[in-house]
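Q: Features from TrEMBL:
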- A:122-399: domain 'NADH:quinone oxidoreductase/Mrp antiporter transmembrane' (DOMAIN)
- A:17-36: transmembrane segment (TRANSMEM)
- A:45-67: transmembrane segment (TRANSMEM)
- A:79-98: transmembrane segment (TRANSMEM)
- A:105-122: transmembrane segment (TRANSMEM)
- A:128-147: transmembrane segment (TRANSMEM)
- A:159-179: transmembrane segment (TRANSMEM)
- A:199-223: transmembrane segment (TRANSMEM)
- A:263-282: transmembrane segment (TRANSMEM)
- A:294-313: transmembrane segment (TRANSMEM)
- A:319-341: transmembrane segment (TRANSMEM)
- A:361-384: transmembrane segment (TRANSMEM)
- A:404-423: transmembrane segment (TRANSMEM)
Amino acid sequence: MVLKDQLSHIIESLSQVGFEMVLIGGSLLLLLLGLIAKRSLVSQIVYVLVLVLAMTLVPLPTDLGVWFGGALAVQELTWLFRLVFSFLGVWVVFYPTANRHPFEYYFLLLAVIAGSAFMLSAQHLLVIYLAIELTSFASYLLTNFNFEKRSFEAGIKYLIFGGTASALALYGASLIYGFTGTLLVSEMDFALVQNPALLNVGLLLFIGAMLFKVSLVPFHIWVPTTYQVAPTSAVAILSVIPKIAGFVLLHRVLLAVDVHTQYWLYVVIVAVGMATIVIGTLGALRQTNIKRMIAYGAIAHSGFLLGALLIPGETGVVAFAWYALAYGIINLVAFYMVSVLEDRQLLDVKDLAGLSRTEGYFGGLITIVMVALIGLPPTVGFTIKFYLFTALWGWYQTVVDPWIMGYLVVALMSVVFSLFFYLKVPYFIFLKESDGDVQSVTNPGQRVIATIFTLVLLWLFISPDILNNIADNIKSIAW
Amino acid sequence: MSNPAIHLTLVLLLPLAGGILTYLSGQSMVRRTALVGMVPGLIAAGMLLFMSNDSSITIRFDWLPGHSLGWQVDHVSAVLIALVYFISFLVHLFSLHYLQHDPSIHRYFAKLGFFTTSMLGLLAADHLLLVFVFWELVGFSSYLLIGFWFSQEDKAKSAREAFMVNRVADAGLLIGVILMVMVLDQPFLSELSAVSSSPLVHLAGIGLLIGALGKSAQFPFFGWLPKAMAGPTPVSALIHAATMVAAGVYLLFRVVPVLSPLVMGLAAILGAVTALMAAIAALTQHDIKKVLAYSTISQLGYMVLGVGVGAYQASLFHLWTHAFFKAGLFMAAGAVIHYFHELRHDDHEFDGQDMRNMGGLRKVLPVTHLVYLLCGLALSGLPFFSGFLSKEGILSGAWIWASQTGLWAYVVTDMAFITAFLTPLYVGRQILLVFYGEPRTVVERLQGMEPLWKVKLPLLLLAIASVWVFSAINPFNPTGWWLNAYLFSNDIFRAPEGFDYIEKLTFGLSVVLSAGGLLVSYWYFRPSRSQAYSNAGVPQTWYGRLSYRGWFMAEVYAALAKVYDALVMLSAWFDRKVIDKAVNAVGVASVVLSKAAAIFDREIIDGLVNLMAWLANLVGRLFTGIQSGKVQHQLVWMMVVLLAILLWFQF
């Protein structure tokens, strides 16, 4: 290609990544502004403005393609989740602790979102690596923003974990490159390799980096401690945005490998998913710290999302997109409630005993959120789980694979078990009597925000038009 | 949303909104707020008639992928919505008078608004699922209203009984709805098309029929309607005479295209049987409201019969006329009861609903008497009243059907005609015993018993609507309903060639039967004899008791409940003897194998919980091992798992 053509291709490509460019540019601007205006409110406003501006620059789903010589592939899912990320990101400023964080905090949040956005479209091994690392580094730092000894410890552990995973991933990437001769995921042809044993090792190690990002077994160990000590609004972002992006990326890699013909990988993924659901659910059973409990629950949710990757075709992609979107919203709401409670040092379920005497309304809202996390009507949690299970069942009937059946059974059992720990929260709020005085926890503003958040969960269940529209837009994707 | 959709939403939600407002503003404001929702709603419902005039209002919206729900207001729905609004409005007015001293009157109006909205939703729903949803809401709100005085135990119990009988029938409806939506793929009422007979079609039809029989209080479900009389009397006028009980007939009317001949025949038989049984039961009641309750069941039996024999237009006509005169009768009865409550409000032993305590009331309640007389004559099917016209259509339809079906079908027709004779009998009995003769308790004129706006207006409106001119110009033409052209485009059930004589015979026979029935009742209960009635006890003969106890339906239900109890006991026994034994066997076996036997040995639920706790403990210990805080250990654990995976798939 002539230099001129290359340049024009790059310039043309740049117009397609306006979203990411605005995020990066905006984050740098925020950093500069922060040096001048120290007030947190300024950075919050800039943060929201950057996200809103970025949202307007998302290319339409009609305007898709492959850019930067194949390094970035912009698909319908990219379009959808760019919008979702910026939308979800905005809500962080409504958390009760939002004013206590310095401007660097918002800079790092933008960096997480930008890295995740790149993960949505990256298909060059090195770009994938860079995107994951950008997200990870920002996450390591965000973990520390409570500035306590515990959080430093957790942050360092998180860093060491991430470093190990990323070292393994680089090694895996080099193996893949060595065997296939290309760095572009889309151009790899795994069927050509004669003796794939080492290639498979490389593949598994590389996939490990993504498993780390989406907190799947055996790369989930960092999750509970990190979620427990990190600032809650950061956890709300970390548990949603990089995770969804990681799943989209993981699916792209699995599709390139053609997981349905590489049976060993298929089995490994299924086993990882089942183990994730089991460990997440059982781990949550005995937790009394609400944040830690939801962290384990989030691990289990990763297992559910992984199930949607295994179902090919329209039902799979719709199940994934719905689950990811609704999971994001539910988690954001759940962590908002936790954040409000945390503000009054109420993080152990035992502390919530008798809260209904002063906070009956807020307790009711929490109950709805917990019901959504379990996946029962009348919340959107039910809609997505129901659709996912239907899709899994449909896929099982097509392939009659006992692994899929096992997956379905484990997932269903997990829902039953999750009743025990999620409902512990309303149980303590409404049925237990407290020993001491119960003080009111929320102020009217927080109740209003919590109500809006919760109504979204109910509204999406009653009127799933939005979900249907999304399904219409993405069901043509090769999944 | 489009314009008609917004309008329809308003029509449906205004009664509920008004009810909520009334409830929130409390008891002292009830006089001002009770009609806030109904007046604009009534106007909006009138406008709905015009909006649906040219073409039906159809609204479809997506629900789950592949399923859309919908509303439709065609001429029939629009007319019935207007009817429900009209009656409900009058009942609102009358309730202000009837419940004026009740401390929870604001709660009453909230429930009334809720019921009205549910009923309207049922009429506007097009998708069977929506029909089912509103069907259940109607049942639930009626339960709330029957149990309005829930602090009195017998009333709360009656409400529960009525609700439970409905539940049983609703299970049938649910089966029908599921079959229609999922198997027969005919979810929209407005798009039903005839299907060829198959066992599934029969089953779906029978399911829908059972649901309709339950809501319309038909045999074998009719025992709940007399129980429902525990609610305030205006409620009985609205729910248990004019609207809710007609829902079953309405549903049957809608699903006629998919009903197989078998189901239609079944409906005809059950309708006629109910009509006759209830008419017999009405003959001996002492409670003024129970007479009306059984007569409602009997008249609904006529409507179901009409649908069953194919004369469903006549059924709808009868639904229409019946709504007016029966609501009138109930409200007039309410006025009587209210009068006695005011008169003897310090005497708690006194039963203000017992006709043995009444008599001669025409002097103290003149307007009520007039209304009762007009509506009662309409009910008994005398010419020049609306009831004559609509009943005539059903009777001749039944006769024509029988002549085409076979000899056995004449039994059904005969039952309908016998009922036509019994109806004026019990109506005449009631009017004579309540309003004529000498008073059997001391009565006196009280002030404010018939205020103009709240009592006279609704009562007289309903009474006037029972006169023939408000149904058809010609008092002798049963197919002359002025709404026929609007509702059915004049495509109505007519006698086929060569059957004209049946219509003429029916005409003559109904005149003779209704006049004869009234005369017989006058002979037995003429004013000079009525004094003896105050000592009348419970009938002692077996047929008298059969009638008085309403065919022992309550006892039958109780027996069924006993059977159910026995089933429960049986399954408990099975659980104890078989399942528990099996569990124990497993436990014994596993004692040998592992400690888990201790868990399985207990009851299953306990065992599960314990197992889970044990699992959680195990995992917990595992985690304390891994997450000992030393990051090296965690990394080692991660690598071990990774290596295990590698080894597993490579070798």
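Using the three backbone atoms N, Cα and C, a Cβ is placed for every residue, glycine included.
Thinking about packing and proximity, how do these listed features fit into the structure?
A: Sequence-distant contacts of the transmembrane segment (A:17-36) (same chain, at least 6 residues past either end, Cβ-Cβ under 8 Å): 42-43, 46-47, 49-51, 53-55, 57-59, 67, 72, 82, 86, 102-104, 106-107, 110-111, 113-114, 117-118, 121.
Long-range contacts of the transmembrane segment (A:105-122) within its own chain (CB-CB distance under 8 A, at least 6 residues past either end) are made by residues 17, 19-20, 23-24, 26-27, 30-31, 34, 43-44, 46-47, 50-51, 71-75, 77-78, 81-82, 85-86, 89, 92, 128, 130-139, 141-142, 145, 213, 231, 234, 237-238, 241-242, 244-246, 248-249.
Counting only same-chain residues 6+ beyond the ends of the transmembrane segment (A:128-147), those with a CB under 8 A from a CB of the stretch are 101, 104-105, 108-109, 111-112, 114-116, 118-119, 122, 154-155, 158-159, 162, 166, 169-170, 173, 185, 209-210, 213, 226, 229-231, 234, 237-238, 242, 245-246, 249, 253.
With a cut-off of 8 Å between Cβ atoms, the residues of this chain six or more beyond the transmembrane segment (A:159-179) that come close are 125-126, 129, 132-133, 136, 139-140, 188, 193, 196, 198-199, 201-209, 212, 219, 221-222.
Distant neighbours of the transmembrane segment (A:199-223): 119, 125, 129, 132, 135-136, 157-158, 161-162, 165-166, 168-169, 171-176, 178-180, 190, 193, 242-243, 245-247, 249-250, 253-254, 257, 264-265, 268, 272-273, 275-276, 279-280, 295-296, 298-299, 302-303, 305-306; these residues of the same chain sit at least 6 beyond its ends, with a Cβ under 8 Å from one of its Cβ atoms.
Distant neighbours of the transmembrane segment (A:263-282): 200, 203-204, 211, 215-218, 220, 254, 257, 296-304, 306-307, 309-310, 403-404, 406-407, 410-411, 414, 417-418; these residues of the same chain sit at least 6 beyond its ends, with a Cβ under 8 Å from one of its Cβ atoms.
Within the same chain, residues 214-216, 220, 223-224, 226-228, 235, 239, 243, 247, 250-251, 254, 259-260, 266, 269-270, 272-277, 279-281, 283-284, 287, 319-320, 323-324, 327, 331, 334-335, 338, 373, 385, 388, 391-392, 394-395, 404, 407, 411, 414, 418, 421-422, 479 sit at least 6 positions outside the transmembrane segment (A:294-313) and bring their C-beta atoms closer than 8 Å to a C-beta of that stretch.
Sequence-distant contacts of the transmembrane segment (A:319-341) (same chain, at least 6 residues past either end, Cβ-Cβ under 8 Å): 77, 80-81, 84, 88, 91, 94-97, 232-233, 235-236, 239-241, 244, 247, 251, 290-291, 294, 298, 301, 304-305, 308-309, 311, 347, 352, 362, 365-366, 369-370, 372-373, 379-381, 383-385, 387-388, 391, 441-442, 446, 449-450, 453-454, 456-457, 460, 467, 470-471, 474, 479.
Note on the transmembrane segment (A:404-423): residues 270, 273-274, 277-278, 280-282, 284-285, 287, 293, 297, 300, 303-304, 307, 310, 370-371, 373-375, 385, 388-389, 392-393, 395-396 of its chain, located 6 or more positions outside it, place their CB under 8 angstroms from a CB of the stretch.
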